[in-house]
Structures are given as C-alpha cells and as structure tokens.
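First comes the structure, then the notes that go with it.
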Amino acid sequence: MHTGGETSACKPSSVRLAPSFSFHAAGLQMAGQMPHSHQYSDRRQPNISDQQVSALSYSDQIQQPLTNQVMPDIVMLQRRMPQTFRDPATAPLRKLSVDLIKTYKHINEVYYAKKKRRHQQGQGDDSSHKKERKVYNDGYDDDNYDYIVKNGEKWMDRYEIDSLIGKGSFGQVVKAYDRVEQEWVAIKIIKNKKAFLNQAQIEVRLLELMNKHDTEMKYYIVHLKRHFMFRNHLCLVFEMLSYNLYDLLRNTNFRGVSLNLTRKFAQQMCTALLFLATPELSIIHCDLKPENILLCNPKRSAIKIVDFGSSCQLGQRIYQYIQSRFYRSPEVLLGMPYDLAIDMWSLGCILVEMHTGEPLFSGANEVDQMNKIVEVLGIPPAHILDQAPKARKFFEKLPDGTWNLKKTKDGKREYKPPGTRKLHNILGVETGGPGGRRAGESGHTVADYLKFKDLILRMLDYDPKTRIQPYYALQHSFFKKTADEGTNTSNSVSTSPAMEQSQSSGTTSSTSSSSGGSSGTSNSGRARSDPTHQHRHSGGHFTAAVQAMDCETHSPQVRQQFPAPLGWSGTEAPTQVTVETHPVQETTFHVAPQQNALHHHHGNSSHHHHHHHHHHHHHGQQALGNRTRPRVYNSPTNSSSTQDSMEVGHSHHSMTSLSSSTTSSSTSSSSTGNQGNQAYQNRPVAANTLDFGQNGAMDVNLTVYSNPRQETGIAGHPTYQFSANTGPAHYMTEGHLTMRQGADREESPMTGVCVQQSPVASS
C-alpha cells in the first residue's frame, strides 16, 4: 500500500508520464469519446475503468495501484489536447510575422468589401427617395437646375435634339436640327434658376443689339437666330461654328500659325472691336481669348467672336473680376475702372500666342500674372499706380515716389528684371521667328516682324487712354501692302466670311451638317482654359481641307473717293482710311487726324501681354501635350467628341459664362476721355452713312443702353459736341460694303497644319 507521500507525488503538477506513455495513443482515441467536462463525478468511473483495462494490456498489469490514481490526471490532459492540428499557415505567429503583408491585405479586403456593400445597400435604400427628392420642374430638371437632355427628343415640333455638346456653369449646349430652317443649330439651354436667367437675358439683349446693327453678319459676331422659353428654361439658338483658335493652336503642337494667318485673324478681330465700339453699342466683351474665337468653316480663316455671357456696355459694368487671367488687362488687375480698351489688351495677348504657340503671360495667379507682365513691359507708369486701388498688392512705393515690385511671399518664383524679357526676342524678330521656325519663309522677314512687334506694343500699352484703338490699329503698317503681296491681307478676298459660308451652303450652319455621334466629355482643369466653348465636331485629320483655308485672294476693287467731311477742327484735312480685312468688307472712313493716338508709342520698349484661361484642361492627343487653361470664375467647360468626318459642327459657345460669385457693381466709367479714345468709342461702322448732329447723337432712337458714356456725362468723357458753326460730321463707309467674288488664289498659310480636334476638358 502506498504512503501519503507517494500519493502526493502523483499530483498533476508532478506526475511522471514516462512510465505510462506506452498507452498514450490509446488514450487519445478514448479521449475523443469522453465528455468534455471539467467536473469530475462518479459517472465517469466506468470509463476510467475501461481505460485502466486498456492500459493494463500494455503494461502487463504492472503497478496497478499507481495507475488507478494517475489515470484521472492523464485523461484531463488528454482532453486539453486538440483533436486535430491546424494548418501551420493559420498560426497567429506566422500571420503576424512571415505573412504580415498578406494579413494586412486580407484585413483591407474584408473591411472595404463590407464598406462597399453597405454603401451599395444605402444607395439602394434611397434610390427611390433620391429620384423623388432631386428631380425638379415636373421631372424635366436634375438637382443642378439643368434640363435633362434626351437625345432624339423633339421640341415644339421644330427642333430635333441630336446630342449634348457642352456643359458649363450657365447650363448646357445641345446640337439640334431645325426642321423649319432645315439646318443644324446650337441651342444654349440656360439653367432654371433666377440668377442665370437674369444674366442670360443681358446676353440676349446685347446679342440682339449687335445683330440688329450687323444684319449682313459682316463684323465677325456670332449670330443669335432666336430665343425662346421651353419648360422654364431660356434657350438661345445660335448658328453652328467650327474649331476655336485654341484647337487650332493645339493642333500645331503649340508651335503657332504663320504670320500671314495671324495677320488675317488680327484684321478681323480689329474690325469686330471697331464694330463693338460704335456709340450705339459701346460693348465690352470682357473675355476675349482663343477659346472664344471660332472659325466659321474649318477650310477658311474667317472667324467669329462668341460668348458674350460676361459682356456689358460702357457705363453698365457690373463685374470687377473679369477676363481670363492670361488676357487680363493691367487696369483690371489693379482694380481700376475699365472700358473697351481691355479688349484691345486681350487681343494683343492673343495675337502673340497665335504666332508663338504659347501664352505671353501665363500667370498662375494674379501676382504671378502681374510679375510676368512686368518682365516684358517694365513697371507701370507711376500716374497709373498712384490711382490704382490694388497697386500695393503687386508693388511698393518708395520714398522718392517711384514704385518697385513687391517680393513674392513664397520666394520660389524668380523673375527677370523689369522690362528685360524683350518682345523682340519672344517673337524672334531677327532670329527667324519664334524658335527660329520661320527662317526663310515668305512673309516672315525682319521688316514683317518689326511691324508686327510695333502693333503688339501699341496694343499692350499700360495706359488705356493711349492704348491703340481698333480704328488706328486697322491703319497700321502691319496691314498695309508690301513688296511681298503674300504677306498681308490687302489683296485678300474681301467677301464677308459669314456671307461666304452662307452663300456656299445656303445656311450659316452648313459646317455642322455632317456632325454626328455622341458627345464626349473629358476633364480640363482651362482651362480650359479655363477655363473653357462647347463644340462638337466630326474632325479627324483634315490635311487636305486646311490647304484650302483662306486661299482666295482678290485684287482690291477701285473705290469711290468720298469728299472731305465737314466739321473737323483744325486746318489739317481729314485722313481717308481704307480698311481691308480678310475676308472682310472694304470700308472707307473719313476721320479727323488724331496724332496722339495714331503716332504714340508705348514708353516701355516692350509691352506686356497677359493671358487668363477658364478652368478647363485641354487634353492633347499623343504628342500634343496638355495645357492648363485656368478660368476666371466657375466657368463652363468644354466638351467635344471626335468623329471620322472632316467637317466640324461647332457650337458658338466658349462657355466662359456666368460668374459664380457676383462682385460689387461698378457703374462709373473710367477716365478715358482723350481725343484718341473719343475716336475709338465713337467710330460708327454701318452699312450706310451715319450722320451726327451737334449733340453727337445719330438720327435714330437710341435706347437707354446706347452710348452710355454720353448719357452718364462722366468727367473725362467727351459728349461729341461740334462747333455751332459747322455742319454735321460724317463718318462714312462705302454704302452697303460691297461683296465681291474673285478667282485669284494664294497659297494657304494653313498648308501643312493638320487640324484635329481632340477632347477638351470639362468639369
């Protein structure tokens, strides 16, 4: 019999298993059949007895008394052992060491799968409520106040909606077929919201006013055919146009177009600005940029200005934050009153960009913009900065009264000293053009470049009072005949491009007749620029087509010489000016000599050009590259779709429309009342002779918007009073500016330019 000490030695903490391991395997099998309980009871004794019997068979029934006491402890240990061993790969130690990355991936998969499932379930739960909550205007609008466009829908039994070709902050643009006129049109659908409606009504009024004074569509302004309300949306019906000038630039890989083609664009734009400056219009576009200048036809150089959504009349200005940044004039940057001269600044910037392929002043913000202007043009005159509310945003005044640039806060951008980045070098006047790419080309001589540079410097005059005006720009030697007839436009076709298009196709939207396919949108940060025209086109590479662009030329027609008008002060006879644009109508103006405006030259050796884009990125294709076009406000963006056909159906919209934030209204005109600007603002351009009485008013009923500068009577703005002893002065044009056809042709400056419209950004 064992003693108590021996019994104590057999406790679980000190049991010796070696003698009994011979039956351990049998114990495992038996343990699998035993109840898993941590309480010991007499009910388990029979099982223990069975184990003992099994164990005795292995130990020859030796030490039976000891086994009787050890067996309960062995069974307990066996119960704690796993019945089956797990895969080593699932061991926690392995998961947290060798397979740690795999563990993290699994956690992410499980987590995000659950999150995605919950999100989908949540969407499913409120999908029905969402429709009920966000569909407005009896189900015709979405939650953004935009009309829900349905392809193939027919409006008013007249317009068949083809597709959405553009979308912006103002609303949308669709391509539609007009069954009545049997032509393609672009319909601008304004958002169903009061603020957008009000602004669009201003645009409609200005467009109708311009179209009223340009019934023959001679002056390069987009034609508003009609407008109507449809399901609470104001809809503007425009002619269809083609590519914009930014598309053209992009398709030259941003190398720029020839000086010849740049000249043709310049003449048409100056003519358009001259038209806008007529007293009964006095319209400031406020957002000129390449995106807002569209080709009428992809085969011709005729252009039109679009997007008057930001425009205003002189004296009716409502915005202070205007113009795309790259093209923003100094007076706008400095917070000064502005007038029509801001559009001339923008034009100067555009023309340089069209030839060089790159923006002259591509500022990332207003401070950067001003610094880049100063690099080229130097510090603005002190008399301007002294009056500028925002001068100290960019400059600091020294004790001696002079101004210097402020150092940038970040200190990252380093600029060239003021006025040291010469326009002479930017244009490559003596080095074969930009990058030397025009060396040896006809029409790109040093003399040609010197004329171009001089015109640009006059357009980029810091002082809006002395900045060249459209009338005098058209007289510049850059547009005059030279020994090389191919370098200017004076012998180019004088037929109105809009009329040519209409005559050749029967409609003003013929270029869009073959446009088809669905519209595409892609993201432009704008640009596109910004920043921002809605167009749709069917335009693959059309190398053959561009060779035909702008190729017609005609010998100038002998024009009647008008007698000198009465009423000019001074002894000098009035200057007779022949204005020829390609393919614009020839116009003879009789004007008083304005020496200060005609012969002035900017004090700085190089003038500044700045350029602001709508926020919209243009995505170039392949080697074309991308260029961001920042936009001045929450502007519409561009969208396009590319098809295989060559022709282009292009909406007239550049889609830089409404400002998302209304700035303080400014109704006071800037002080621009010098003799030169008087001629600028009041140079009538009409089909018939315009007669002015002593009060300067035409023999027509002027509306409240006509000649607002005269009505406001602001100091510094002459009211066109003529001496009482003189007769009425006549601004004369050739009656109904003749339209001519010709057969002579010159080589197209577009030869070799492969124009392909790639998707433009939309946001």
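Cβ coordinates are placed from backbone N, Cα and C, and glycine is handled just like the others.
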- If you check Swiss-Prot, which of SER329, SER748 turns up marked as phosphoserine? SER748
- Note on the structure: In Swiss-Prot, ATP binding by ILE165, GLY166, LYS167, GLY168, SER169, PHE170, GLY171, GLN172, VAL173, PHE238, GLU239, MET240, LEU241 extends, among LYS154, LYS188, to LYS188
- Could you check Swiss-Prot and say which of TYR145, TYR462, TYR705, TYR720 is marked as phosphotyrosine? TYR145
- Query: According to Swiss-Prot, phosphotyrosine sits on which of TYR58, TYR319, TYR471?
  - Reply: TYR319
- Message: Looking at phosphoserine as annotated by Swiss-Prot, pick the matching residue from SER97, SER301, SER310, SER362.
- Response: SER310
- Query: Of TYR112, TYR321, TYR472, which does Swiss-Prot mark as phosphotyrosine?
  - Reply: TYR321
- Swiss-Prot annotates one residue of SER502, SER529, SER660 as phosphoserine; which residue is it? SER529
- Message: According to DSSP, collapsed to three classes, what secondary structure does TYR219 (phosphotyrosine) have?
- Response: coil
- Message: What whole-number Å value do you get for the CA-CA distance of TYR159 (phosphotyrosine) and LYS167 (ATP binding site)?
- Response: 19
- For TYR449 (phosphotyrosine), what is the secondary structure by DSSP, using just helix, strand and coil? helix
- If you measure TYR140 (phosphotyrosine) to VAL173 (ATP binding site) at Cα, how many Å is it? 16
- Say you check the Cα of TYR145 (phosphotyrosine) against those of the binding-site residues LYS167, GLY171, VAL173; which is nearest? GLY171
- Task: Would you mind pulling the longest C-alpha to C-alpha span across ILE165, GLY166, LYS167, GLY168, SER169, PHE170, GLY171, GLN172, VAL173, LYS188, PHE238, GLU239, MET240, LEU241, which the record has binding ATP, in angstrom?
- Result: 21
- Cα-Cα distance linking TYR177 (phosphotyrosine) and SER169 (ATP binding site), given in Å to the nearest integer: 24
